[in-house]
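Asks: The structure is given below, and queries will be raised subsequently.
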Amino acid sequence: DEADRQLLRRCRVRLVSELQVAELWDALLSRELFTRDMIEDIQQAGSGSRRDQARQLVTDLETRGRQALPLFISCLEDTGQGTLASLLQSGRQAAKQDPEAVKPLDHLVPVVLGPMGLTAKEQRVVKLDPSQPAVGNLTPVVLGPEELWPARLKPEVLRPETPRPVDIGSGGAHDVCVPGKIRGHADMAYTLDSDPCGHCLIINNVNFCPSSGLGTRTGSNLDRDKLEHRFRWLRFMVEVKNDLTAKKMVTALMEMAHRNHRALDCFVVVILSHGCQASHLQFPGAVYGTDGCSVSIEKIVNIFNGSGCPSLGGKPKLFFIQACGGEQKDHGFEVACTSSQGRTLDSDSEPDAVPYQEGPRPLDQLDAVSSLPTPSDILVSYSTFPGFVSWRDKKSGSWYIETLDGILEQWARSEDLQSLLLRVANAVSAKGTYKQIPGCFNFLRKKLFFKTS
């Protein structure tokens, strides 16, 4: 229940640091707390180290139901880990006596850090005059390419009060920076010189087994065909996998991660499936295999981290997810009409959602900051906001993929990826009676311009 999940979160750091996972597997299997496939997935988590396995085990434990924690405590006792068993057992007993004891600390107040010697009464807001020298003997330091230093910048860029013409609509764009200059500067944009520039794996799940309770995703083959054509046009080697179970999805992704990408400049994964909310530390959401088992987006992304796929180190890794982030339907809110692009939701539109049984959990800051790998050079583009449905038309495909394909066709020659995704979000948000807005988790270090010629 929720009290047990809160207890696990509070004890997570100690569990991860002290848990001896090697002795646990047989005990977990004998009590049917995890299946053998689940344990194999946990053993492969991250780099496969004991600490990574312990972290994944504690994370997955939250999803195993009301009896999970008592059974886990029993497994700890059977494997000689009495200290951790006592820690969890005493925490459960304290929670029964005082439910507030396991709730997250929400009464903390922010601490303002300032120069030494300033008391709380002396703290004040200081407005800096940009025309005056920096405080003390410090002088300003300008970072970035030499040609963009202040002395060489155009006056309109130096004056923030001057409006900068930016258009993310359907036409008449005026780029603030010349794409050609940025493309050729290694400090500002990724280099995509190789031809082909990288692999693109498309996983398209349409037909789900009856026991999964998931419906056929009619229209998804249109999405698959559009993006297969589009990424070939963008100079990628495209591979398509249809109707994969959760385990086969992971196998296909790991096979791709084990390839040598050293001669290539980029990598793309597209997943078209049903989806749901999922417990996470870094990236929200999960997608379903055709067997009804889910794979978290976080796990998919981390297959290609520095230890899992070193030949992609420092290179952009892009993930496009067409799946629901939950089952909420967004009715939107009223604004003055600015677009005629909206279309009504008809009988051919349906969501890629299934109910989420376990509530989303807050981020464990201490463990996340101290132990997780830095997700650099990664961008995960979601078709919808976490927790909300993503709409798909049976006749024309999903709103997100249809729009993404059209934006890439029209603007990929001149705009970077982030600008393209802004256009996608703007266009999708104007559709339908129910509303949808795509978004992304962006950990790219530079601009990315696709290779279109």
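In case you wondered, yes, glycine gets a Cβ from its N, Cα and C as well.
Feature table excerpt (TrEMBL):
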DOMAIN    1-91  domain 'CARD'
DOMAIN    196-328  domain 'Caspase family p20'
ACT_SITE  His274  active site
ACT_SITE  Cys324  active site
DOMAIN    368-452  domain 'Caspase family p10'
Asks: Would you mind splitting the domain 'CARD' (1-91) into helix, strand and coil residue counts from DSSP?
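Replies: Across the domain 'CARD' (1-91), the residues distribute as 67 helix, 0 strand, 24 coil.
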Asks: I'd like the number of other C-beta atoms within 10 A of the C-beta of His274 (active site), please.
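Replies: Taking every protein chain into account, the count is 26.
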Asks: So how many of the residues in the domain 'Caspase family p20' (196-328) end up helix, strand or coil by DSSP?
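Replies: So the domain 'Caspase family p20' (196-328) is made up of 38 helix, 36 strand, 59 coil.
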